[in-house]
Every structure is written in C-alpha cells, then in structure tokens.
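Visitor: Relevant sequence annotations retrieved from TrEMBL are reproduced here:
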type	residues	note
DOMAIN	39-230	domain 'RNase H type-2'
BINDING	45, 46, 139	divalent metal cation binding site
C-alpha cells in the first residue's frame, strides 16, 4: 500500500474540516476554519474557462479575520449584479489581507489545454499571495501539489466568502480586460459577450476570421475561422510571375 504524502495528508485534513463545518450547519466554512486556528483562509476561483476568446483569469484572496461592513454580501457571487460586483471589487482590493490575479492568455490555453491553464493559474495565484495561507479553498477544483491545508468545495462561492471574493476579483478584472480588448478588435463585440461563444460572436468570426485572442483549439472557433478562410482568395504561381 502506498504511503500517504504530506500533500495528501494536508488535503485529507482540509477536506475533513470542510465536511465537519457543513455537517454542523455553518453558513460559511471560513468561520469554522478560523475557529480551528486557520487565520489566513485563501479562496481561489476562475473566470473565462468557458469562453472561446481572451484569457482565463484566476484569482486568489485572503480576507480579514474580522467583519468588514464593506464586504457584506460576498456569498454566492454569481447572483450579484455587475454594479454590485464592481463595488465589491473595490472593497476587496482595499480590505483584503492579500490577493493575486493571474491572466493565462489564449495562446497558452491553445498550447497546453484549458485544464492545465486553469490548474497552473491557480497554483500561480496561490504562490503570488503576499502572505502564506494556512488553508486554501477552491470551487470544486483539486490542487494535489499544494503543500498547505486545502480542500475543494462544491458550490464554494456560496459557502466561502474567500472563494466568492476570488470569484469577483477574477470576473471583474477579466471583464475589464475584455472591454479593453474590444477596442483592439472591434469586429467581434467582445465588450458585450466577454469572449463567450454567442451566435453573434461566431457570426463575426465567420465574417472576419479570428484574431490573436481567440482560442483556436476550441471547436466553435476552429469551425468558424475555417469557414472564413475558405472564402479568402488563394494566390497561385511562383513569386515574380
């Protein structure tokens, strides 16, 4: 039988504490973990995994171990309005103990795959924190190489303010980046759909071809770009003829 590694032992303990918190009815597992001595609870989450243009953005965040009125309403970030997310983004960046935002570009996603980009980005986001976390929580993503206490948490942004804060940091920073990108590539409507594969977006790729920020290993982009390429004039003959 294989001997447990320090990483697997840490993961098992972190997962055990999370399950205890849920079974005992804690609304947020962060409070339970702090009660058990984990001061720096880091949450990690991503935005843009399902997009077909632009980066995947990963953020990590360690929140204060005391109540901050400006940070109320962090639970379940996916239900927040864009305006509320923007306001909370400012509060998080002002009051967080530490945070890190990482953008993995489309070219790297095409080269190494979205799963690798997501996991690698999470490791980088954790490593980039200015404090060492006592425990790392993810939204149902396993990070087996982390040496510290850690655990995946299903629907984590509804159960962990730290994960919810990381989700807001990732989404707002990525949305802002896509608005900037729309200025560089105005043919695709990136400011509206933020790089997701809407019918209007794919129609634009069929009309104009893809840009440098598209993920060409994604079938919808590859198909639409190929349709555009098939309409382009082909040059034949030798140079100089």
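Note: Cβ is positioned from N, Cα and C throughout, glycine not excepted.
Because TrEMBL annotations are produced automatically, they should be read as predictions rather than curated entries.
Note that the coordinates shown come from a computational prediction; the quantities given were computed from them, not determined experimentally.
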Visitor: Identify, among the binding-site residues 46, 139, the residue whose Cβ has the fewest other Cβ atoms within 10 Å in this structure.
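Guide: Selected from the binding-site residues 46, 139 on minimum Cβ neighbours within 10 Å: 139.
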Visitor: For the recorded divalent metal cation site formed by 45, 46, 139, name the remaining residues of the chain with Cβ within 8 Å of the site's Cβ center, in chain order.
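Guide: Counting only non-site residues, the set is 44, 47, 58, 59, 122, 138, 141, 156, 157, 163, 166, 167, 170.
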Visitor: Under 8 Å Cβ to Cβ from residue 45 (divalent metal cation binding site), same chain, six or more residues apart: give me those in sequence order, or none if nothing qualifies.
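Guide: Counting only residues 6 or more apart in sequence, the Cβ neighbours of residue 45 (divalent metal cation binding site) under 8 Å are 58, 59, 138, 139, 156, 157, 163, 164, 166, 167, 170.
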